[in-house]
Amino acid sequence: MVKVLAILYDGGKHAEEQPKLLGTTENALGMRPYCEKNGIELVVTSDKEGPDSEFNKHIVDADVLITTPFHPGYLTRELIATAKNLKLAITAGVGSDHVDLNAANERKITVAEVTGSNVVSVAEHVIMTILVLVRNFVPAHEQIKAGDWEVAAVAKGEYDLEGKVVGTLGAGRIGFRVLQRLKPFDCKELLYYDYNSLPEDAAKEVGVRRVEDLKDFLSQCDVVTLNCPLHEGTKGIINKETISYMKDGAWLVNTARGALCVAEDVAEAVNSGKLSGYGGDVWPKQPAPADHCWRTMANPLTKGGNAMVPHMSGTSLDAQIRYANGAIKILDNWRNGVPQTQSDLITENGEYATLSYGQRTGKK
Ligand code: NAI
């Protein structure tokens, strides 16, 4: 009997109120009927931390792991060593850095994700976050809730997006969709930094210019948006040194992965006023601790500049249907020996199957 272990977040009363919350433990990605019909043992849990967790207990004999980046079951090298039967790790969503991909390759575990399932959801969140920061929305809204009315206090940190230079670090599916959505804002210039170049017609469509040197790229942007996967080449790519290349008063948006940034360096840059603001939904470890420095950092001039939310951009209800169905399809392909859609594959047969997780040799 095939055993599938699903690590998902709890919905509680919200799952009762909203049955479309498919990514919860209660609704189990809508997989229960599929598993019952096909005689699959399905274990669903949110309990994922520590040696006594349900995750650690059940991974030992699971054939398939399914998890979401929103409440990731971190499949470390150590856990992989205990997971004797594991053949397939499915990401219900996009971004598989919660798996130690090198260790997965050594064991020839296939890692697959539902490519494209939430890229529009994230791109919309990026545009929202840029606007929330540049237009200094959060302190203005807090003022209203507090019963106050002091226009100057919020206008002193409020700008237009029009006329600014905006750059995306990573110009794949999400980065490109962000650029498409930025085009009508009449920014001064759109830039991208990526070792893979955009096709010429795509770059032309959005009017973006490629900058090949990271320092050169960061130093030209008023707004930087991070849209690359987390891997050895991008971990901590935003740190004290690279922040120093950025313009004074720039804004930084990160909906890609928290660990792309050195958290303390970002908080220091916001708290000191070097950055006007930072916003996003991804945290170095999730759930984020209650005292994480990104919860309370604030720009000294505006007392704002903080547009952080829990990991939610890619888990809109529209996205949940797509990644739930996509995860079942990947499982079904695997059970029936049907080749996976190539673009869904991160690792297969002991190799990286994508160009997005670093510049490697020996990739397909
Ligand atoms: P993609 O694979 O289409 O594009 C990623 C791009 O990043 C590629 O063009 C790649 O060449 C580039 N890249 C990789 N390393 C780089 C480096 N060192 N410097 C510059 N560029 C680099 O992936 P997609 O669909 O655009 O997703 C990107 C990431 O966004 C995911 O891996 C995930 O971490 C994150 N994500 C976050 C979500 C959320 O809910 N917050 C939801 C979906 C994705």
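Glycine too: its Cβ is placed from the backbone N, Cα and C atoms.
If you check TrEMBL, you get these features:
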type	residues	note
BINDING	Val94, Asn118	substrate binding site
BINDING	173-174, Asp194, 229-233, Thr255, Asp281, 311-314, Ser356	NAD(+) binding site
DOMAIN	127-312	domain 'D-isomer specific 2-hydroxyacid dehydrogenase NAD-binding'
SITE	Arg257	site 'Important for catalytic activity'
SITE	His311	site 'Important for catalytic activity'
Practice item. Specify the nearest of the recorded positions Val94, Asn118, Arg257 to Glu232 (NAD(+) binding site), where nearness means the distance between Cα atoms. Key: Arg257
Check your understanding: Around Arg173 (NAD(+) binding site), which residues of its chain at least 6 apart sit with Cβ under 8 Å of its Cβ?
Key -> Val94, Thr115, Gly116, Val119
**Study point:** Lowest local Cβ density among Thr255, Ser356, which the record lists as binding-site residues, within 10 Å
**Key:** Ser356
Review point. By CA distance, which of the binding-site residues (Leu230, Thr255, Ser313, Ser356) lies nearest to Asn118 (substrate binding site)?
Key: Ser313
Review point. Ranked by the number of other Cβ atoms within 10 Å of their own Cβ, which of the binding-site residues Asp194, Glu232 ranks first?
Key: Asp194
Point to revise | Close binding-site residues near Arg257 (site 'Important for catalytic activity'), where close means Cα within 10 Å, chosen from Asp194, Leu230, Ser313 | key: Leu230
Review point. Within the chain of Leu230 (NAD(+) binding site), which residues six or more apart in sequence place their C-beta under 8 angstroms from its C-beta?
Key: Gly95, Asp97, Ala256, Arg257, Ala259, Leu260
